[in-house]
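To start, the structure under review is shown below, and the notes come after it.
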Amino acid sequence: MKETEPGSSDLTPLLADADSLENQSPRGLASVSGAVFNICTTMVGAGIMSIPATVKVLGIIPGFAVMFMIAVLVDITVEFLLRCTQSGKSTTYAGLMAESFGSLGSLAVQICVMVTNLGCLIIYLIIIGDVLCGNESGGTLHLGVLQEWFGIQWWNSRAYVILFVVLFVMLPLVFLPHMNSLRHSSAISILLAVVFIAISSAMAIYAFWKGKTQNMRLLPDFANQVSIFDLFTTVPVLVTGFGFHVNIHPIRSELSRPSDMSYAVRISLAISIAIYFSIGFFGYMLFGESIMSDILVNFDQNSDSAIGQLVNNTVRLSYAMHLALVFPVINFSLRTNIDELLFAKKPVLAKDKSRFTILTCLLLALTYTIAIVIPNIWYFFQFLGSTTVVCLSFIFPGAIVLRDVHGISRRKDKVMAILVIIMAILTSMIAIATNLWTVG
């Protein structure tokens with residue numbers, strides 16, 4: 001593990017030590033607003049398009065209640081991690097687990113981060129390819145934006161378009177060695193999410209004015225199509241939507257005052273709740289019971305007119321650009337954890353330019369290759385991701401509190417940790433079993 005030396009501050013930046021701060025984005029330049037943008041971007045990824053479907057299953061009132069409950073639990077577990085980090089010597093999530101559970105604990109975190117983040121990055125590229133180049137499902141060819149505009153050409157095929165996006169959009173961003181350097185691209189990604197919400201809400205309000213909105217249920221429809229077990233399938237979607245624990249330490253390490261991290265987390269959670277509930281409410285209001293698991297499909301089905309086509313293209317392009325800007329934030333913690341796993345005894349990553357460059361390029365090449373060769377990997381990572389995200393967000397922080405190697409956990413902390421772990425395990429088991437039953 002990369003730990004601080006005895007007597008040194010536990011606030012040392014993840015990618016640079018005190019001797020190199022002058023030349024490499026010094027700690028203290030990272031603001032709370034920058035931290036908020038990066039935290040929000042970590043949370044608001046591809047899952048935003050699935051939120052309206054979860055609201056359809058849960059109903060409006062339980063949907064908001066579940067979102068709020070998960071956000072509260074996330075805030076509690078993040079506070080667990082921040083307090084334990086403050087009391088210990090490690091400046092990484094894996095190092096924090098190593099303090100409590102040794103090398104096996106550290107390895108568990110690193111494997112979960114690699115599965116979750118690599119899966120997300122691959123899915124992001126697949127979605128960007130679907131938006132720009134189209135896809136084929138059930139024998140039906142769905143054209144992408146570029147093919148609709150220019151026809152089917154060799155240069156707008158999936159392999160070439162994704163390669164262009166990787167080289168000219170993502171590569172410059174993933175080469176930034178500090179999380180704080182991504183604050184501007186993160187701000188743009190959140191703005192694009194807000195644009196999507198603005199379009200959806202405007203369409204829903206217009207439909208309401210014309211009397212064309214769909215009937216919305218305040219509560220689950222147990223009488224017809226929703227079972228009690230279906231409710232549990234929405235939890236992993238929302239947990240994934242609020243999971244940002246892998247980036248807590250990189251963001252915290254660059255703040256001038258680590259105590260500001262708690263403040264930034266709560267602001268970010270409030271913003272994310274507002275984003276999720278807005279898109280869930282207005283998306284459900286607009287499409288009703290016909291809402292698909294991916295709301296982009298609904299926009300595609302309502303693009304017969306010229307205005308409908310313009311709205312559809314705007315929504316799809318803003319979504320693709322949003323994912324392209326989320327990509328480097330997710331890639332940051334993936335690269336850090338792989339480096340910590342493979343090169344635990346080496347200097348920090350920012351001090352070894354060749355290692356940083358090689359690892360960054362290899363990860364980007366691997367992600368691109370898998371996205372092109374295996375474009376239907378979504379369901380595999382959906383099951384694994386649900387499990388690993390739950391571990392990173394709830395089970396591991398709860399276990400750290402129960403282990404309490406620093407002697408700082410209070411009785412109520414341990415009680416809450418037990419409840420969080422039990423809830424996480426039960427909901428995940430029921431959700432996975434229900435999904436497997438449905439697929440079978």
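Glycine residues also receive a Cβ, built from the backbone N, Cα and C atoms like all the rest.
Bear in mind that TrEMBL entries carry predicted annotations, made automatically and left uncurated.
Source: prediction; values computed, not measured.
Feature annotations, courtesy of TrEMBL:
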- 29-51: transmembrane segment (TRANSMEM)
- 31-431: domain 'Amino acid transporter transmembrane' (DOMAIN)
- 57-82: transmembrane segment (TRANSMEM)
- 103-127: transmembrane segment (TRANSMEM)
- 159-176: transmembrane segment (TRANSMEM)
- 188-208: transmembrane segment (TRANSMEM)
- 228-246: transmembrane segment (TRANSMEM)
- 267-287: transmembrane segment (TRANSMEM)
- 355-374: transmembrane segment (TRANSMEM)
- 380-403: transmembrane segment (TRANSMEM)
- 415-437: transmembrane segment (TRANSMEM)
Interface present between the transmembrane segment (355-374) and the transmembrane segment (29-51) (three or more C-beta pairs under 8 A): no
Stretch of maximal Cβ-Cβ contact with the transmembrane segment (159-176) [cut-off: under 8 Å; candidates 57-82, 103-127, 188-208, 415-437]: 103-127
Stretch of maximal Cβ-Cβ contact with the transmembrane segment (267-287) [cut-off: under 8 Å; candidates 57-82, 103-127, 228-246, 355-374, 415-437]: 57-82
Which of 57-82, 103-127, 188-208, 228-246, 355-374 contacts the transmembrane segment (415-437) most, counting Cβ pairs under 8 Å: 228-246
Outside the transmembrane segment (103-127), six or more residues from its ends: residues with CB under 8 Å to it: 1, 45-46, 93-95, 97, 162, 165-166, 243, 246, 319-320, 323-324, 326-327, 330-331, 333-334, 337-338, 340-341, 366-368, 370-371, 375, 377-378, 381, 384-385, 388-389, 391-392, 396
Contact ranking winner - 188-208, 228-246, 355-374 against the transmembrane segment (57-82), Cβ under 8 Å: 228-246
